[in-house]
Each structure stands twice: as structure tokens, then as C-alpha cells.
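The L-histidine binding site annotation in TrEMBL covers Glu81, Gly82, Thr83, Arg113, Gln127, Glu131, Arg258, Tyr262, Tyr263. Feature annotation from TrEMBL assigns domain 'Aminoacyl-transfer RNA synthetases class-II family profile' to 1-320.
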Amino acid sequence: MSFKVPRGTQDILPEQTPKWQKVESILRDLSRVYRYKEIRTPMFEQTELFQRGVGDTTDIVQKEMYTFEDRGGRSLTLRPEGTASAVRSYVEHKMFGIPDQPVKLSYIGPMFRYERQQAGRYRQFVQFGVEAIGSADPAIDAEVISLAMDVYHSVGLKDLQLHINSLGDKETRDAHRSALINHFKPSIGEFCSDCQNRLEKNPLRILDCKVDHEHPLMESAPKLTDYLTEFSSAYFDKVKEYLDVLGIEYVVDPNLVRGLDYYNHTAFEIMSTASGFGAITTLCGGGRYNGLVQDIGGPDVPGIGFALSIERLLLALEAEGIELEVEDSLDIYVVAIGDEAKLKSVELLSSFRAKGISADMDYVDRKMKAQMKSADRLGAKYVIVIGESELEEAAVNIKHMQTGNQEKVQFVDLVNFLLEHK
Ligand code: HAM
């Protein structure tokens with residue numbers, strides 16, 4: 001019997017984790033600079049939270065959730081995204097009462113969706129997301145978009161395109177909804193059963209149907225942008241004005257509707273335009289969700305945010321041929337010859353590590369030559385070889401591996417030497 005990781009999941013192996021840690025530290029730094037404080041919520045929630053939050057008619061809720069009953073008979077779901085959880089926590093902990101609004105939150109953690117496996121699409125993936133809850137100022141829409149763009153610039157990505165759209169307010173959506181129903185109703189028999197179900201419940205979802213996307217009625221469907229109210233248009237113009245001030249380029253994409261139900265006004269996605277990036281080019285998605293806090297049982301408070309997956313960010317780096325510079329250094333490797341020397345090595349290693357100097361030695365009884373090779377493979381900056389004469393002299397030649405230079409240093413002075421030359 002042999003075991004494998006479950007379909008759609010992956011092991012992040014030790015040689016890959018430095019890259020992940022580097023990206024995570026960039027994300028944490030940016031969150032700090034923009035002042036989005038980290039929130040950690042459970043990995044599962046009451047199923048109803050996502051049904052209400054993400055929306056009953058979305059693909060996520062209908063097809064992709066990992067839902068299970070616990071031993072107490074409660075229906076729970078592994079979180080497919082982070083917004084509903086962040087908003088639930090915001091309401092539960094009455095963060096609307098905090099004097100400084102908006103409340104700016106960030107999170108990094110695994111999300112779960114039972115999706116068809118393909119490049120860039122996993123069943124467990126790590127999302128970084130931010131949510132700014134409590135402001136309906138178009139300047140914060142621009143701030144959130146700017147933070148998302150900064151993430152990609154900070155890792156060196158260049159082949160990016162920002163798509164933005166306005167999904168309008170309730171009035172816009174109601175008018176557009178009726179127009180969509182009138183448009184599709186006479187021929188709805190030609191569409192898949194999901195679309196037939198969506199017609200009355202949520203006709204907007206028909207537009208991102210993966211089955212019928214080539215039906216001619218899709219192209220001629222009424223565009224939401226034609227139904228924008230004066231307020232929505234003015235709001236959208238303001239967001240664009242702020243983006244211009246920030247020097248952020250964008251494409252207005254009237255077909256951008258997003259796959260989750262809570263959005264209104266600003267919606268955006270960042271795509272990779274790198275050749276060699278797979279079929280799925282969306283790196284990041286987000287938008288405004290005025291109304292969601294109230295739907296989840298809180299006051300009528302507006303919000304906006306985005307999320308991106310680290311998996312797709314790393315794929316984009318690969319597609320652009322960018323190697324992240326990662327910290328994976330070994331300051332010193334200690335080669336020991338004989339039992340006495342080994343005792344001394346263990347003692348020295350401990351004194352190095354206590355001062356934050358990374359140090360390693362052999363634990364599988366290899367000959368000196370093999371130990372030297374090992375030091376080389378591990379990329380050690382310095383090597384010392386301890387044998388009988390070194391023990392007698394209480395001193396050792398410390399070799400700088402790159403230059404080959406050697407210097408004699410007393411055992412007691414090694415820590416200081418390394419701290420000075422690290
Ligand atoms: P979403 O568009 O469903 O939005 O997902 C956001 C991002 O998560 C995607 O652009 C992609 O980078 C990543 N992602 C989604 N599904 C997968 C997958 N199966 N495998 C790998 N990566 C994936 C949301 O989740 C919203 N909560 C975003 C948001 C926050 N809106 C407002 N605030």
C-alpha cells in the first residue's frame with residue numbers, strides 16, 4: 001500500500017519553503033506598512049455563514065465546499081475563502097464599535113475548494129487577503145488595489161494587468177437583473193440546468209457559466225455598466241481618479257463580474273500576462289461588499305478587500321523567470337576527527353547557535369573528505385576542522401570557503417570572530 005497527497009493538494013518540501021517564507025515575510029511587511037492587522041480565524045465555520053456570505057447560487061457554495069457534519073450533528077464547512085470569516089469575526093467582536101474606523105484586517109492561511117484540478121487550481125491553497133471594513137470612501141478602494149499591486153511589484157513581477165469594473169449599487173443591480181431575465185428567459189431551454197436555476201435566483205451568474213460561455217446570447221447580454229446609477233458612476237470615477245494619482249494603470253473591463261455574490265461597486269482582478277502562464281491567468285481578485293456585514297447579522301457597514309493565492313504568485317514568478325533571493329545560509333560547518341574532537345564540536349556548535357550563528361556538523365560518522373564535501377554542498381561560509389593538534393592548541397584554522405583564506409583563531413574567540421565576519 002502506498003500513500004499520496006490527496007488530489008489537488010501538495011507538499012511544500014524543505015527546499016521550497018524558503019521561497020514561501022520569503023513571500024510570507026513580504027506580505028507581512030506590506031500589511032504592516034499599510035496598517036492591515038492580522039486576524040486568525042478558524043479553518044472551519046458554520047456552513048450557513050458561507051451560504052449567506054458567498055451566496056447560495058455561486059459555484060463555490062453549490063459545488064466546491066468541503067462540508068461535513070461533526071459528531072454533534074452540526075453542519076460545518078472548511079473555509080473556501082476568508083472574507084465571510086473576517087466579517088463574521090468583525091460582527092461577533094463588535095469591531096464596528098472601535099473608535100478608529102475602518103477596521104483594516106489581513107490574513108494568510110489555507111482555503112479549501114473542491115475544484116477540478118489544473119495548473120494554478122488546487123483544492124487546498126494559501127490565500128493572503130485584506131479587508132477594510134467601515135469606510136465607503138473611494139480612496140480606500142484605491143488603497144486596497146494599490147496594496148495588491150505592491151505585493152506583485154515587491155516580488156519583482158512585471159507582466160501584470162489590472163482589470164477593474166463597477167458592479168454598481170442595489171438599484172443598478174436590480175435594473176440589470178430584470179434586463180438579464182428578459183434577455184435570457186425566452187431561450188433559457190438552450191442553457192445548462194445550472195443556468196436554468198440561476199435565471200430567477202441570480203441571473204448575473206449565468207454570465208460566468210463555464211458550460212454555456214460560448215452561447216451567442218452571452219455576447220449580446222445587457223451590460224451592467226449600462227445600468228449604473230449616477231451615484232455608482234460618480235463613485236467609480238472617483239476610484240479611477242485615485243488610481244491615476246497613484247500612477248496605477250488599469251483596464252476597465254465591463255465583463256468582470258467576479259464569482260462571489262457579495263460584491264457591488266468596485267470589482268477588480270490582477271492578471272498575469274506572462275507567456276507560459278497557464279490557462280488561468282487571474283492572480284488576485286477583490287472588490288467592495290457593502291451590505292455583507294448586515295447580511296451576516298451586523299450593522300449596515302461597508303467593506304472592501306481582496307485575496308490572492310501564494311501558489312499562483314509563485315507560478316507567475318516562474319513564468320517570468322524570476323528567482324526570489326532567499327535566506328538559506330549556513331555560517332559554519334564543523335568537521336571533527338575523533339571522539340574528543342566531536343565532544344568539542346558539540347560544545348562549540350551550542351555556543352555558536354546561542355549567538356544566532358547557524359552551524360552544523362556530521363552525525364553519520366563520515367570520513368573527513370565526505371564531511372568537507374557536505375560543508376560545500378550546504379553552502380557553508382566557514383569550515384573548521386578539529387583534530388588532535390587543534391585540541392592541544394585550543395585553536396583552529398578557520399577557512400573562508402569562497403576565498404580559501406585561512407586564519408588561526410582560539411576556540412574562545414570563535415564566536416566573536418564569526419559575529420564580526422558573518
Ligand atoms: P476569489 O476570486 O474566489 O476571491 O479568490 C481570490 C484569489 O484566490 C484568486 O484570484 C486566486 O489567486 C486564489 N484562488 C482561488 N481559488 C484558487 C484555487 N483553487 N487554487 C489556487 N488559488 C486559488 C475571494 O476569495 C474573495 N474572498 C476575495 C475578496 C476578499 N474579496 C473581498 N475581500
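Just so it is clear, glycine is given a Cβ too, placed from its N, Cα and C backbone atoms.
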Cβ neighbours within the same chain of Glu81 (L-histidine binding site) - under 8 Å, at least six residues apart: Phe50, Val54, Ile60, Met111, Gln127, Gly129, Leu260, Ala307
Fewest Cβ neighbours within 10 Å, where candidates are the binding-site residues Thr83, Gln127: Gln127
Local Cβ density at Tyr263 (L-histidine binding site) - other Cβ atoms counted within 10 Å: 28
Contacting binding-site residues, sequence order - Glu81, Thr83, Gln127, Tyr263 vs ligand 1, Cβ under 6 Å: Glu81, Thr83, Gln127
Pairwise Cα distance maximum in Å, L-histidine-binding residues per record: Glu81, Gly82, Thr83, Arg113, Gln127, Glu131, Arg258, Tyr262, Tyr263: 21
Within the predicted model, mean pLDDT of the domain 'Aminoacyl-transfer RNA synthetases class-II family profile' (1-320): 95
Set of same-chain residues at least 6 away whose C-beta sits under 8 angstroms from Arg258 (L-histidine binding site): Leu167, Ala267, Glu269, Gly285, Gly287
Mapped DSSP class for Thr83 (L-histidine binding site), helix or strand or coil: helix
